[in-house]
Amino acid sequence: MGKEKVHISIVVIGHVDSGKSTTTGHLIYKLGGIDKRVIERFEKEAAEMNKRSFKYAWVLDKLKAERERGITIDIALWKFETTKYYCTVIDAPGHRDFIKNMITGTSQADCAVLIIDSTTGGFEAGISKDGQTREHALLSFTLGVKQMICCCNKMDATTPKYSKARYDEIVKEVSSYLKKVGYNPDKIPFVPISGFEGDNMIERSTNLDWYKGPTLLDALDQISEPKRPSDKPLRLPLQDVYKIGGIGTVPVGRVETGVLKPGMVVTFAPTGLTTEVKSVEMHHESLTEAHPGDNVGFNVKNVAVKDLKRGYVASNSKDDPAKEAANFTAQVIIINHPGQIGNGYAPVLDCHTSHIAVKFAELMTKIDRRSGKELEKEPKFLKNGDAGFVKMIPTKPMVVETFSEYPPLGRFAVRDMRQTVAVGVIKNVEKKDPTGAKVTKAAQKKK
């Protein structure tokens with residue numbers, strides 16, 4: 001065994017019928033961790049149900065159904081390998097909560113794969129004003145997914161089949177759109193594929209011999225390697241807190257930045273509670289250190305379960321510890337609000353693992369969301385499609401950071417009426433020091 005392959009996360013985006021499931025299913029089927037026996041079972045069921053289109057979407061449908069029924073599917077099923085990377089597919093969208101997941105998402109995508117329906121009418125529907133293609137691309141960019149691969153899918157169903165003219169037309173239109181969003185189209189491979197027939201997915205297709213660029217698999221291998229933020233100070237948002245007999249209090253969460261190790265003195269914001277980490281575990285094995293991306297449980301001394309909650313953030317007490325946000329300024333894009341938003345609006349913010357009502361205290365400016373130029377000072381309101389800078393005040397103690405320093409703690413979804421009405425990235429935070437914070441004996445000894 002040589003060096004372990006690098007892990008990357010990809011998010012597959014695009015309009016509802018663009019063929020995301022088929023394409024993703026195909027990759028997982030050909031390159032992935034799905035057990036041959038499982039595939040055979042699916043194939044047999046598909047045949048019994050006369051699903052000729054079993055092909056690959058069926059694999060994904062089965063996985064989703066099993067996941068939704070609460071059958072824990074081995075997460076390996078959402079993984080596949082390229083020559084260079086282990087790829088994990090982040091929750092395939094089309095899902096109501098996709099936007100929320102993408103933001104508070106358990107993981108930030110390293111690359112977006114945009115699937116485009118190249119058929120007549122299909123492409124136009126996806127890219128139209130209210131098509132999801134635009135929204136997904138805008139979200140990916142706003143949320144810091146800087147690399148993108150575009151797949152012109154369903155090339156087997158263009159008129160004529162495998163039409164170069166149609167491909168050229170789509171590349172031109174999508175490039176101009178992606179450029180407006182903020183991407184550099186010259187750096188984006190546009191791969192003509194058929195997720196259904198398999199053209200250019202893994203091997204080069206003779207049906208598309210006019211195309212000289214990479215296959216989808218090649219394009220995934222050409223993603224530039226992500227830098228993991230282990231050299232930043234520790235930030236670990238808590239997902240849950242358990243009391244484990246014989247061990248004590250065990251907070252659980254994902255290391256977003258920095259490193260967590262036994263013996264470290266950590267501070268939990270917003271309360272400022274400070275204590276020593278006794279041990280760190282992942283998948284029931286103890287670790288000498290946990291890095292960004294690791295989902296860990298760690299045991300802390302002299303702390304009651306009731307003193308810690310989901311949404312609290314653990315940090316190193318000696319290295320830029322996290323603190324409560326008194327208020328913060330964010331760039332917000334309204335994507336799905338039926339009316340208009342003015343000062344005093346108080347929706348719920350989902351940021352990392354916290355879920356807290358926040359007041360839009362002051363709409364500071366309205367900006368052009370593409371260029372960032374100011375359009376209006378102190379606008380009366382913001383409506384769908386608008387972007388602006390807003391000063392926000394949490395209604396309860398909350399921990400957030402600027403997007404530039406700690407990206408996973410600096411992006412959020414604004415939820416109202418059971419849907420995501422806006423997304424935002426935090427530009428600056430005014431912090432406040434905790435008062436009367438408890439420092440445990442274990443932590444005092446380490447001082």
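Glycine too: its Cβ is placed from the backbone N, Cα and C atoms.
Sequence annotations record features per position, and here Swiss-Prot assigns domain 'tr-type G' to 5-230.
Under the three-state DSSP scheme, Gly14 (GTP binding site) falls in the strand class. Among the features that Swiss-Prot reports, GTP binding site is placed at 14-21, 91-95, 153-156.
Residues or ranges marked as region 'G1' in Swiss-Prot: 14-21.
If you look up Swiss-Prot, you'll see Lys55 marked as N6,N6-dimethyllysine.
What Swiss-Prot lists as region 'G2' is 70-74. Within the model, the region 'G2' (70-74) carries an average pLDDT of 41.
Feature annotation from Swiss-Prot assigns N6,N6,N6-trimethyllysine to Lys79 (among others).
The region 'G3' annotation in Swiss-Prot covers 91-94.
Annotation comment: Swiss-Prot describes 153-156 as region 'G4'. Sequence-distant neighbours of the region 'G4' (153-156) (same chain, 6+ residues past either end, Cβ-Cβ under 8 Å): 18-19, 23, 115-119, 122, 162-163, 167, 192-197, 199-200, 207-208.
Positions annotated as N6,N6,N6-trimethyllysine by Swiss-Prot: Lys187 (among others). Long-range Cβ contacts of Lys187 (N6,N6,N6-trimethyllysine) within its own chain (separation 6+, distance under 8 Å) are none.
The annotation N6-methyllysine is assigned in Swiss-Prot to Lys261. Look at Lys261 (N6-methyllysine): DSSP puts it in coil.
The feature 5-glutamyl glycerylphosphorylethanolamine is assigned by Swiss-Prot to Glu289 (among others). DSSP assigns Glu289 (5-glutamyl glycerylphosphorylethanolamine) to coil in the three-state reduction, outside any helix or strand. Long-range Cβ neighbours of Glu289 (5-glutamyl glycerylphosphorylethanolamine) (same chain, at least 6 residues apart, Cβ-Cβ under 8 Å): Val259, Leu260, Lys261, Val280.
Secondary structure from DSSP puts Lys306 (N6,N6,N6-trimethyllysine) in a helix. Cβ neighbours of Lys306 (N6,N6,N6-trimethyllysine) (same chain, under 8 Å, six or more residues apart in sequence): none. Here Swiss-Prot flags Lys306 (among others) as N6,N6,N6-trimethyllysine.
Cβ neighbour count for Glu362 (5-glutamyl glycerylphosphorylethanolamine): 15 (other Cβ atoms within 10 Å of its Cβ, all protein chains included). Taken from Swiss-Prot, the feature 5-glutamyl glycerylphosphorylethanolamine applies to Glu362 (among others), supported by similarity to another entry.
Residues or ranges marked as N6,N6,N6-trimethyllysine in Swiss-Prot (evidence: similarity to another entry): Lys396 (among others). Reduced to three states, the DSSP call for Lys396 (N6,N6,N6-trimethyllysine) is coil.
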Composition by DSSP (helix, strand, coil) of residues within the region 'G4' (153-156):
2 helix, 1 strand, 1 coil
Spatial neighbours, same chain, of Met155 (GTP binding site) - Cβ under 8 Å, 6+ residues apart:
Ser118, Lys161, Tyr162, Ser163, Tyr167, Pro192, Ile193, Ser194, Asp199, Asn200, Asn207, Leu208
Given the modified residues Lys79, Lys261, which one has the fewest other C-beta atoms within 10 angstroms of its C-beta?
Lys261
Within its own chain, what residues at least 6 apart in sequence put their Cβ under 8 Å from the Cβ of Lys396 (N6,N6,N6-trimethyllysine), listed in sequence order?
Ile356, Ala357
